[in-house]
Amino acid sequence: MNKGYVLALDQGTTSSRAILFNRDGRLVGQVNHEFRQIYPQPGWVEHDPREIWSTQLRAVQDVLARTGVRLSEVAAIGITNQRETTVVWDAETGEPVYNAIVWQCRRTAPICAELAARGWAPRIREKTGLVIDAYFSGTKVKWILDNVPGVREKAEQGRLRFGTIDAWLIWNLTGGRVHATDYSNASRTMLFNIHQLAWDEEILHELGIPASLLPRALPSSHVYGETDPAVLGAAIPIAGVAGDQQAALFGQACFQPGDAKNTYGTGCFMLMNTGDRAVPSESGLLTTIAWGIGDRVEYALEGSIFIGGAAVQWLRDELRFFDRAADSEALALSVPDSGGVYVVPAFVGLGAPYWDMYARGIVVGLTRGTGRAHITRATLESIAYQTRDVLGAMEKDSGIRLNRLKVDGGAVANNFLMQFQSDILGVPVERPKIAETTALGAAYLAGLATGFWRSQAELADKWALDRGFTPALPAEERERLYAGWRRAVERARGWAAE
């Protein structure tokens with residue numbers, strides 16, 4: 001039987017997806033199943049791990065049924081996932097001891113504050129590349145051990161397992177035979193030494209997490225094991241695993257140091273490949289593992305922007321400026337410029353490179369002549385300005401000058417935003433033909449490990465341009481506009497600190 005397909009499982013924050021790619025890297029079929037968001041208290045976010053698994057399994061079954069592709073034609077499975085989200089389960093029964101604590105959940109902020117007060121910030125940064133924050137998995141695991149009755153005792157007896165979502169899916173797909181994660185997901189736990197590629201005993205001891213809970217950390221392109229025929233109906237190698245943003249970097253063929261991509265979703269995630277060098281950030285970025293292939297590990301710098309496309313949703317849902325987010329482009333283009341208006345969408349504070357949780361959203365530069373179109377244009381421009389903030393930090397930390405930016409995510413369909421992004425960065429912006437770069441990255445990693453594709457060079461050749469945008473703004477105008485943005489940001493900072 002000709003194995004002509006790779007199956008990517010893309011387990012996200014709101015839905016579980018299964019996507020089939022053929023040997024050309026073309027999307028053959030996809031299925032998407034949403035699941036519940038659970039909010040037990042303000043600032044707390046959970047998912048039901050059983051629901052994550054059932055929706056993911058159903059997506060696989062449905063995409064095969066819909067495309068008519070048989071399991072015997074699937075060469076390998078790749079997994080990509082929402083990062084940091086934490087599951088602890090019973091090793092014997094496979095049952096979760098508590099709901100999954102989602103990356104957005106802030107309940108462990110007091111644990112983080114205690115850790116910082118004890119002087120751990122420099123050590124955490126040096127070992128893991130991360131800042132101490134409730135975003136990452138480590139304090140979430142500690143919370144489950146400390147707050148769910150009977151769990152700490154079971155953990156100390158070696159009867160429990162922890163994993164990010166990739167490890168939870170691997171465990172279930174293999175019928176409980178494989179407990180493993182990849183380097184990129186491990187690097188988001190705040191428990192993993194990114195230089196030694198090992199769980200850090202000192203941090204585990206400080207957080208009171210028994211080592212027996214932890215999955216084996218393996219390269220991202222690697223055969224983890226085979227699916228249990230009793231679960232899926234056939235034994236298929238699980239051969240590629242990466243966190244969603246790292247998978248998108250790989251799917252965009254950002255294989256060389258200095259290659260960068262920005263994903264425009266609710267927020268924006270920008271990653272720059274730094275090669276075999278884990279570049280420490282002095283500018284509020286995260287140092288993370290991009291992927292491991294064979295015995296080679298590549299690193300990346302990452303900047304997270306909290307509010308990107310969500311600012312456009314705000315204009316639509318709260319201010320009722322338009323009915324569809326896509327209408328923002330025509331409205332923005334109905335005026336020649338923003339009329340001196342700046343919008344700083346710091347609705348939940350500011351992420352990289354500011355990390356100011358007390359910043360709040362502002363609109364400045366209003367005059368009697370300001371209309372909906374000016375505010376809409378300024379809101380779209382704010383996404384591009386925030387990206388420039390992150391890029392400036394990346395270039396400073398890495399010493400690498402960006403020569404082009406690859407883009408993906410929902411908002412890249414907005415041609416006005418993409419052109420302004422190119423203008424304000426002063427570099428070309430490239431939008432690929434295949435929008436599903438995250439799933440494609442997972443498929444590529446799996447296909448490489450099984451010989452379905454021969455090399456990264458072959459994958460780079462498959463990358464195809466949909467549309468390129470080149471800077472059309474004079475340099476002095478670019479810098480004048482950006483200086484205005486920096487002034488606006490200063491006025492937004494620290495607003496809620498009173």
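Every residue, even glycine, has its Cβ placed from backbone N, Cα and C.
According to Swiss-Prot, the ATP binding site annotation covers Thr13, Thr14, Ser15, Thr266, Gly309, Gln313, Gly410. Summarising the annotation, Swiss-Prot assigns ADP binding site to Thr13, Arg17, Thr266, Gly309, Gly410, Asn414 and lists sequence analysis as the type of evidence. Sequence annotations record features per position, and here Swiss-Prot assigns sn-glycerol 3-phosphate binding site to Thr13, Arg83, Glu84, Tyr135, Asp244 based on sequence analysis. What Swiss-Prot records for Arg83, Glu84, Tyr135, Asp244, Gln245 is glycerol binding site, and it gives sequence analysis as the kind of evidence.
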Greatest Cα separation in angstrom, residues Thr13, Arg83, Glu84, Tyr135, Asp244 binding sn-glycerol 3-phosphate per the record, works out to 15
To test your reading of the glycerol site: which residues beyond Arg83, Glu84, Tyr135, Asp244, Gln245, same chain only, put their Cβ within 8 Å of the Cβ centroid of those residues?
Gln82, Thr85, Trp103, Arg188, Gly243
Structural state of Gln245 (glycerol binding site), classified by DSSP into three states:
helix
Just name the most isolated of the binding-site residues Gly309, Gly410, going by other Cβ atoms within 10 Å of its Cβ.
Gly410
By the DSSP assignment reduced to helix, strand and coil, which category contains Arg17 (ADP binding site)?
strand
Fewest other Cβ atoms within 10 Å: which of the binding-site residues Thr14, Ser15, Gln245, Thr266, Asn414 wins that one? Let me know.
Thr14
What does the structure give for the C-alpha distance between Arg83 (sn-glycerol 3-phosphate binding site) and Gln245 (glycerol binding site)? Integer Å is fine.
8
Site diameter for glycerol, Å, by largest Cα distance between Arg83, Glu84, Tyr135, Asp244, Gln245:
15
For the sn-glycerol 3-phosphate site (Thr13, Arg83, Glu84, Tyr135, Asp244), what does the 8 A shell look like? I mean other same-chain residues with CB within 8 A of the CB centroid.
Asn81, Gln82, Thr85, Trp103, Arg188, Gly243
Close in space, distant in sequence - Tyr135 (sn-glycerol 3-phosphate binding site), Cβ under 8 Å, 6 or more apart
Glu84, Trp103
Note: among binding-site residues Arg17, Arg83, least Cβ-dense neighbourhood at 10 Å is Arg17
If you count other C-beta atoms within 10 angstroms, which of the binding-site residues Thr13, Gln313 is the most crowded?
Thr13
Taking Cα atoms as reference points, which of the binding-site residues Arg17, Asp244, Gln245, Asn414 is nearest to Gly309 (ATP binding site)?
Asn414
Can you tell me how far the Cα of Thr14 (ATP binding site) sits from the Cα of Gln245 (glycerol binding site), in Å?
16
Under a criterion of Cβ-Cβ distance under 8 Å and sequence separation of at least 6, what residues of the same chain contact Asp244 (sn-glycerol 3-phosphate binding site)?
Asp10, Gly12, Thr80, Asn81, Gln82, Arg83, Thr438
